[in-house]
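Q: Attaching a single structure in structure tokens format; questions to follow.
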Amino acid sequence: MDTERDFQQRFSTHRYSQQFQPLSDNSRPQAEETEEEKLNLGWLFTVIFRRAPIMIIVGIILSGLFGSIVVLKSRKIEPEYRGGFQILIEPVTVEGQFARQYLLAQSENTDIQRIKVENSLVDYESLIRVLRSPQLMEPVFEKLLQQYPDLNRSSIVSKLEIERIKYDLDGKEQGTRIIKVSYQDLDPTKIMSVLNAVSETYLNYSRQERLQSLNQGIDFINEQLPGLRSRFKILQSEKQQFQQKYNFVDPETAVSKISAEVRPIQLELANTKAELSEAREIYLLLQQQWLEQDYVGILGNHSQSYNSLIRQYQELESQMAVEAGRLREDSFPMQALREKHDNVLQILSREAERVVQNIANQVEVLTEKEKSYEQTIENFEQQLREIPRLRQQYDSLDQELQIVQETLNDFLKKREALRVNAAQQQTPWQLIAPPNLPIDSNGNILPTTIVQTKKNLAIIVILSFLLGVGIGFIIDILIEVFHHPDEIKSTTKLPILGVIPLSKKLKKVAKKSQTFIPIGSVTSLTAVSDSHWPIKNGQVDQYQTGSPVSEAFRSLYANICLLSSNKSLNTLTISSATLGDGKSTIAIHLAQTAAFMGQRVLLVDADLRNPQIHQKLGLPNLRGFRDAITSDLSLNDAIQRSPQDDNLFVLTAGQIPPDPVQVLSAKKRQYLMEQFRAFFDLVIYDTPAVTGLADTSLIAAQTDGIILVVGIKKTNRSTVLKSLEELNLSNSVLGLVANRMRG
């Protein structure tokens, strides 16, 4: 007890009257919904900003992958086409309707007055079934089988649509007297062949329905007409293909057309060559001026819009030449003038480069235009050389087509002559819309299958980037380290007392071990030389420089002071969830800050497993906290005092014991901590990491609270929560310190 009494007397000689008292509780966080919403939004934007590269890369990869699949599939999709024709089944004129009603009444002995009342004389539902029946479709199939040997009966029927055209009248659906027939297939030529065959069959059926028999002449002609039509269509198709292939109607007009088309192109070629030659000369001149950095010459010859900029540049050069003889080169006015001169020169350079590039682009465009004209002229000349051979082929094909056409016309005239009498007694169906395929304004056939590749690609890009955002959030969630103090606050629901920026200076508290002064070895603190204390100007002076690090620790100290208005905080435990979070560094600098603020501070290294205080301060660790507990070592011999700041004292850990928990469980440790509380304004204990160890809980049970240090981008969330769960069982966690925050 004499040793402790001497320790008390030495410390009481310079004890300050001020106490470490909290000032206010205004900084205690409040769990309000608005703050949580802002925090959640902030977290969302932070994650997006942090994981943006991953999100973008995933979005690009997925867009490229699925986009390629969509493009490949769209290229494999063969467009289908749909053609059709329309047939008027019943007459629409008054005379036609009356004639048909009269004939029907005569043939079926039906009352004509009753017939007039009916809207229609035809059962269209039954008619449609008849038109799709094998009786009518078999002739169509047999006819088409000659042209398409692989044709399937069921495919024709399934692709053939027959419907009655309807309209709305006073909200009710009414039917017209028109039947619409359509057919869909991949081959437009096949569609037209099927439609022509079907329309012809239906029209023939309309005639055969009303006539029981035809004379032998009509039968013979009808037997010959299909072959003639087929031959005529083949020859006509060959002629059309010949004309389309060689792009002319007949050889005579082709020569005139080619000659007329090639003249303006030759004139354009000559003009283009002249323009290209002039543009190349200008480009060579501008290139030479560019290499000579004659930006003024480039812009001055190009456009008068740059005159003001050129005058400004020339005025600056003149002004610089005048000021060069009067001012020093490193003088502020001269530097400002030169900076303005360089800015204007840079603008001139950019504009000159743009002018040169425009001329280069013009040369390139004219070169391509010249090549295009030359190729076009060559193609026309090649066509002219082919005209004699093509004329012979065309004349032969046209002569054969005329013979077939004359024969076909003769047969048709004879057949019509034979039908004159029969036609007076029938009202056949009328083909009001012949077989056709829809075309656009350019004459191209419109497909029915619309492949929306651009729309699908846009959807894929959007979905891919949304998936990339989702993957980014998943990765951010799976990586359980904290990235920002707000995440620590939202996860732990505890206040953030301080945010310490990442600084290499914090890791270099002392570069080498130096001599320190035990309290019992001196009689006057003023006699101790500054060189005996290892905390150099880089440590103490940093609290006077206003650096970000010093301001961070001042803010931490102020927040600790403001934690509570009902409870004084004289003893603090500094710990962390895991090793390497920087708790010892935080404890050292917090102690220095409090001492600089006028508090008498004792920094105790209570980490008896992996002590760091003596290493960071460059102090020997032969005797310390462990020795004071387990032996009769005087505290005067164990505690060191700073010669630069009379308020700062350090008690190292001492030799590492085999069982730290046993040492910390000793009653003397509790007695020493009570002595420290009485002798100092503030006592800071640096303890081991919390997880899995009882050391921190033993020390914290006798202190006013615990401050947990969390390393940004280092400490695991689950580890922090587990540590807080262990500490909250018997200790008061005041808050957390976010360490190594990157700017």
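Please read every residue number as a count from 1 along the shown chain.
Cβ coordinates come from backbone N, Cα and C, glycine included.
Automatic, uncurated: that is what TrEMBL annotation is.
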Q: Under TrEMBL, the annotation coiled coil belongs to which of these stretches: 269-319, 524-574, 626-676?
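A: TrEMBL lists coiled coil for residues 269-319.
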Q: Is the transmembrane segment (457-479) packed against any residues at least 6 beyond its ends, judged by a Cβ distance under 8 Å, and which are they?
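A: Cβ under 8 Å, 6 or more out: 47-48, 50-52, 54-63, 66-67, 70-71.
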Q: Can you give me the average pLDDT across the domain 'CobQ/CobB/MinD/ParA nucleotide binding' (578-742), rounded to a whole number?
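A: Mean pLDDT, the domain 'CobQ/CobB/MinD/ParA nucleotide binding' (578-742): 87.
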